[in-house]
Amino acid sequence: MTMITDSLAVVLQRRDWENPGVTQLNRLAAHPPFASWRNSEEARTDRPSQESRSLNGEWRFAWFPAPEAVPESWLERDLPDADTVIVPSNWQMHGYDAPIYTNVTYPIAVNPPYVPTENPTGCYSLTFNVDESWLQEGQTRIIFDGVNSAFHLWCNGRWVGYGQDSRLPSEFDLSAFLHAGENRLAVMVLRWSDGSYLEDQDMWRMSGIFRDVSLLHKPSTQISDFHVATHFNDDFSRAVLEADVQMYGELRDELRVTVSLWQGETQVASGTAPFGGEIIDERGGYADHVTLRLNVENPKLWSAEIPNLYRAVVELHTADGTLIEAEACDVGFREVRIENGLLLLNGKPLLIRGVNRHEHHPLHGQVMDEQTMVQDILLMKQNNFNAVRCSHYPNHPLWYTLCDHYGLYVVDEANIETHGMVPMNRLTDDPRWLPAMSERVTRMVQRDRNHPSVIIWSLGNESGHGANHDALYRWIKSVDPSRPVQYEGGGADTFATDIICPMYARVDEDQPFPAVPKWSIKKWLSLPGETRPLILCEYAHAMGNSLGGFAKYWQAFRQYPRLQGGFVWDWVDQSLIKYDENGNPWSAYGGDFGDTPNDRQFCMNGLVFADRTPHPALTEAKHQQQFFQFSLSGRTIEVTSEDLFRHSDNELLHWMVALDGKPLASGEVPLDVAPQGKQLIELPELPQPESAGQLWLTVHVVQPNATTWSAAGHISAWQQWRLAENLSVTLPSAPHAIPQLTTSETDFCIELDNKRWQFNRQSGFLSQMWIGDKKQLLTPLRDQFTRAPLDNDIGVSEATRIDPNAWVERWKAAGHYQAEAALLQCTADTLADAVLITTVHAWQHQGKTLFISRKTYRIDGSGQMAITVDVEVASNTPHPARIGLTCQLAQVAERVNWLGLGPQENYPDRLTAACFDRWDLPLSDMYTPYVFPSENGLRCGTRELNYGPHQWRGDFQFNISRYSQQQLMETSHRHLLHAEEGTWLNIDGFHMGIGGDDSWSPSVSAEFHLSAGSYHYQLLWCQK
């Protein structure tokens, strides 16, 4: 044990938090989570251990601007003005200090290993009693599962130790410091340490004791470490469970270790051996180690599809069977290897349907509870994810147990990121920082290697590539050859990775950055000598209204076997709840706490909102990742299973044929598909519709029974096909009265029955409509070529750093947002059966014509207004965001009904998950409440829209809400939006894609640009 004077002054003078060579003092060696059962049956059934005690709850707390401001007296007694906080928590979530959101830029001046003298410091204290029996024999430990960023610990006024690395446990032996009766802990937590330079992840920077704190009593002679591994014969019919056990304490001849393997109540195998390891070298082996190997016939294999778990119980006992201590862990029999360029699980090539996940809660910051963890896993499984990357640090220990149980493949990532360094590998190539990096990697492996869900180790994130990475790669491969190692830094394909794991590489487009080119994923596979699998560690940046082009990735993944999927960035929006002056909650992002530097809303890239409500993009991910694929030939549906191990046993295929959303025929067929197999389903003769319309066949795969992760009736996959249909023939209608045209100096007015249309002759716009005496418009109907910018449109552009390449800056510079209409023509003609209004507008900015819009409005005797629009786009202006019409309707109706793609928001490059049907939703559901307001709520492929007394027919896209594009563009947070009078309707003939390969460069694929130069669309507007 390292000895140090107990006084606070001496500790402060040492400044351990500014020494990369000091990562801990007196911290115990890493190991898997322990419970120290004294009853093997309790270990087998994973009952709460009587030897473990939680210290979570209310602690006394005092905050200081720097450690030097902490009074020495605090070591002995609580300060008179100390507050009470809950542990675990981040102190910023309790009003102390401010959370800081920054992506790349360090939140402190970069001068490693030194940190600011103004270093916020939290002083925690707790009094507690210890059971007398714990003091008589054995060792009492205290375990801090996570403290950010560094801390010193005192017990009863005596200094115990020091720890850093905020995402792994720090465990100390308290035995020598405890006494009978009341004991007092004092924990001084520093916000910044030299470790902060290794923790530059894209997340909120918070502080405090934010994971569990507990006491554990172990016997003097104890199990100090154990790890398990599984090995197989060629066909996986026989396995060996290898258990390596290490003890601490007096090494006696009578000591034995028994390892027993259980499947529920059944013991599958057992073995007993004395200590004494295998011969290592000419000096012998480890006297305190023993390795046992248990043979298992026909093991039930673990996978994310079928997460079969056994239970291994490790007993330390005497030769006569007297139990000293038991530890245990769940065991999954599975094998991970790379062979012939493929990542294999149990001999089958994986397709990673992955997502990156930060530990984030909108109310609790970085504190994770079991309910939130389970909620995340259930949502992932329900949306066809099978893998999660712990970005960018080891997670709460419980997370891995839950992933074992529910079935998720895990990339376990070391808590290392130096993104803000110039160059990025400034620390990772420096041998002085190797000890700190080594502890972060080796301790992660030692804690988590018993989990079957962990199939890949990661050396960290965005830290360049340095010699320290190479050393740690070799250490992992030596200690744990059963798992591949991945690391993206330095180009994603260095010698420190078994997997090509780029971030944001595109499907077909090279990004030839200097030193670290980012090739297209297809090209990467064909580079000379490259034989590794490619799995994107990050792709499809889901920031706000995003995930356009996602289907293109999945087409490539299914086409090229060595493209084995990737991890979407990312799972959850990292917004935090704040409260206004009236106590109302609102969602905050970077800068909202006065935090500088900050990266604004870049913390919100999730497929789900912070409260876990899904973004519409999540449905697109679910559909593209679905485990059943379909094809149609005639009346035969071919169903292909992409499950590798699971035979379908809880799936029904529901099919339905509908004409314009009206069902004509339906049925259901049980699915009986072998892993990676096919099933042909012959549909009956389908009825021929008597009328014209769109005829669609839709199939859904439904789970009739509940599972551990889904309710009964869960839909796991779906597909639609448009079928051959009758031609639409419009027969001459019976004669109607001809609308009456009247002309004044200012207007053309058309009147028919109780309806009137008014066109302003000066503007050329439809300025008003009446039904009876009720006005229908609050603003004229006019062309629209812009949208409230998406995050993907903005990129990295901001007021202090304009990116001229961003779409929004190109549109602004060209004048798209400022363009004004110059009327070139406005005429009215009475035809034999209708009135025809013709207008021509030139949309101009600073004397330049950007768009020319020619429109005709034909109002016939039935009261229908047929609008025909032809738009020419100037060749020297950026491709517009949309080509359409907009107006503010006077009505606010409760519901919206449409025939088209839905029900969720969809865009031209994100619509494969949308189905054609007749949909009916509340008006409020047509708006997507992105925290940073933007264009939202579009529905594509629309043939008919009904709202209030109005109906629109044609082939168009629309969104409808209480918020104008102008308000969305000018508002920084969704809670600041106010419902406007009436309803804003946007009807687009054409809409640009939204992109999503990344959010900092233009990422809309060329096929989704509005680049044609001239556009034509038609619309029929009538009243019901």
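Count begins at 1; order follows the chain as displayed.
Each residue, glycine too, has its Cβ placed from N, Cα and C.
Since we're looking at a predicted model, the values are computed, not measured.
Database features (Swiss-Prot):
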ACT_SITE  Glu462  active site, proton donor
BINDING   Asn103, Asp202, Glu462, Glu538, Tyr539, Ala540, His541, Asn605, Trp1000  substrate binding site
BINDING   Asp202, Phe602, Asn605  Na(+) binding site
BINDING   Glu417, His419, Glu462  Mg(2+) 1 binding site
SITE      His358  site 'Transition state stabilizer'
SITE      His392  site 'Transition state stabilizer'
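Among the binding-site residues listed (Asn103, Tyr539, Phe602), Asn103 has its Cα nearest to the Cα of the residue listed as 'active site, proton donor'. Close to Phe602 (Na(+) binding site), meaning Cα to Cα within 10 A, are the following recorded positions out of Asn103, His392, Glu417, His419: Asn103.
Listed in sequence order, the binding-site residues from Asn103, His419, His541 having a Cα within 10 Å of the Cα of Asn605 (Na(+) binding site) are His541. Here nothing among the recorded positions His358, His392, Glu417 falls inside 10 Å of the CA of Asn103 (substrate binding site). Within the same chain, residues at least 6 positions away in sequence whose Cβ sits under 8 Å from that of His541 (substrate binding site) are Tyr504, Trp569, Asn605, Asn792, Gly996, Asp997, Asp998, Ser999, Ser1003. Across the structure, Tyr539 (substrate binding site) and His392 (site 'Transition state stabilizer') are spaced 15 Å apart at their Cα atoms. Proximity to His419 (Mg(2+) 1 binding site), judged by a C-alpha distance within 10 Å, picks out Asp202 from the recorded positions Asp202, His358, His392, Trp1000. Around the Cβ of Phe602 (Na(+) binding site), a 10 Å sphere holds 22 further Cβ atoms from the protein chains shown. When Cβ neighbours within 10 Å are tallied across all protein chains shown, the highest count among the recorded positions Glu417, Glu462 belongs to Glu417. In this view, the densest Cβ surroundings among the recorded positions His358, His392, His419 belong to His392, judged by other Cβ atoms lying within 10 Å. Checked against Trp1000 (substrate binding site) by C-alpha proximity, the recorded positions Asp202, His358, His392, Glu417 yield Asp202 as the nearest. Note: Asp202 (Na(+) binding site) has non-local neighbours Asn103, Val104, His392, His419, Phe602, Cys603, i.e. same-chain residues 6+ apart with C-beta under 8 A of its own C-beta. Of the recorded residues, Glu417 (Mg(2+) 1 binding site) and His358 (site 'Transition state stabilizer') place their C-alpha atoms 14 Å from one another. Within 8 A of the CB centroid of the Mg(2+) 1 site residues Glu417, His419, Glu462, the other residues of that chain are Val104, Asp200, Gln201, Asp202, His392, Thr418, Gly420, Met424, Gly460, Asn461, Ser463, Gly489. Between the two most distant C-alpha atoms of the annotated substrate binders (Asn103, Asp202, Glu462, Glu538, Tyr539, Ala540, His541, Asn605, Trp1000) there are 18 Å. Summary for the binding-site residues Asn103, Asn605: the Cβ-based neighbour count within 10 Å is maximal at Asn605.
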